[in-house]
Amino acid sequence: MDDSFDIYEIKARQVLDSRGNPTVEAEVLTAGGGYGHTIVPSGASTGTFEAVELRDATEKYGGKSVLNAVSNVNDIIAQELIGEDARNQRLIDQIMINLDGTENKGNLGANAILAVSLAVAKAAADTASLPLYKYIGGCNAYVMPAPMMNVLNGGQHAGNALDFQEFMIMPVGADSFAEAVRMCAETYQSLKKVVAEKYGKDAVNIGDEGGFAPPVKTIDEALALLLEGVKRAGYEDEIVFTLDSAASEFYDEKSGSYIVAGEKVSTDKLIDIYKEMVAQYPIVSIEDPLFEEDFEGFTKATKELKGIQIVGDDLFVTNTKRLKKGIEMGASNSLLLKVNQIGTLSESIDAANMAFRNGYSLVVSHRSGESEDSTIADLAVALNSGQIKTGAPARGERTAKYNQLIRIEEELQISKYAGKDFKVPF
């Protein structure tokens, strides 16, 4: 019997994320010397139905310290998992879910549970002398995702007047992931010059995800700026646009309307605005175009915005129960996968598989509060997701993921860059 995969030690600590807020880091060591560690991310605009991120609510770090979550790993989770075979990912995740005993992981904290879940997978992969993407995805993990790079920031990610949260570029015309990164990096620098020319050098400050946050006042102004940056870089034929509206952030529940550019807008009117944008600009994907509880509205938007990828983030929160409802109603046609929304690796994979089985595309995503941890890069390849969004080609916590994907592509030798096949990459 091979006991080298048995979990020997689990340890957690409080560290900082890219916004200067505390988060949980977990380390797992196996009897065979395999080592895995993970730093969990945190979102700024969060879905109401996400798994609970446990915070201490004390004076330290303005109430955001995570020492209780750290203690839950060191004093509760570790005691239950030491001696378990790290390869039994689903069993390990279920043990933690049962230990927590709540629907939303609010007892132990999704940040505690996820840190251990991912660190266990990494330790098992290291024990097996396999890269994480190959350990999770097997020999069929070969698709390099098309990156959605957030180069213009608004909403909760910036301090400007933009209602929409993310304006992204996706280099579908590249021949490889490395070339895709180059196209985006060159466009990013081109856009920087455009922003400086139009708004002054002081306007090239950046938001949480590395994108520029100039004093743009309207969505059309932002899209025109983006188009000019792409044209100057010379990639008008290779790069398309994707958006994250994060519409729940500018939805007024009292009136049942959206506040766009200071005016109240109905669901139908907002869908019409999207239609106009899609007709004028090379937009191929819109994330969270409507309020997170408006399944009917999502269904209508999916039908009326023909050919456009409608991505459910706050709508689904990587939860198979909500995803199942969306599938039955035809609400959106794509799942945004954020591991910390659901709290375990196995549940994240379940959501991805449900999406694929029902003809939905998949976008693996970071959060606005990130770290140098690059786990989602491996996960995107393991799942053959075809798409990843992890910020601008700037700031170390964003480039860590892109650099890891460059390494993976090099290591695979024979791989497929999703490119124009980003919706159905295999």
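Heads up, the Cβ atoms here are built off N, Cα and C, so glycines get one too.
Keep in mind the model is a prediction, meaning the values are calculated, not measured.
Binding of Mg(2+) is attributed by Swiss-Prot to D244, E287, and within the candidate set D220, D268, D272, D313 the record adds D313 to that site. In the record from Swiss-Prot, residues Q165, R367, S368, K389 bind (2R)-2-phosphoglycerate; the candidate from K134, K338, K420 listed for the same site is K338. With Q165 ((2R)-2-phosphoglycerate binding site) as the anchor, the candidate recorded positions are E209, D244, E287, D313, K338, and the one with the nearest CA is D244. Of all the recorded positions in the record (E209, K338, R367, S368, K389), the one with the smallest CA separation from D244 (Mg(2+) binding site) is K389. E287 (Mg(2+) binding site) sits 16 Å from E209 (active site, proton donor), taking the C-alpha atoms as the reference points.
When the binding-site residues Q165, S368 are compared by the number of other CB atoms within 10 angstroms of each CB, S368 has the fewest. DSSP assigns D244 (Mg(2+) binding site) to a strand.
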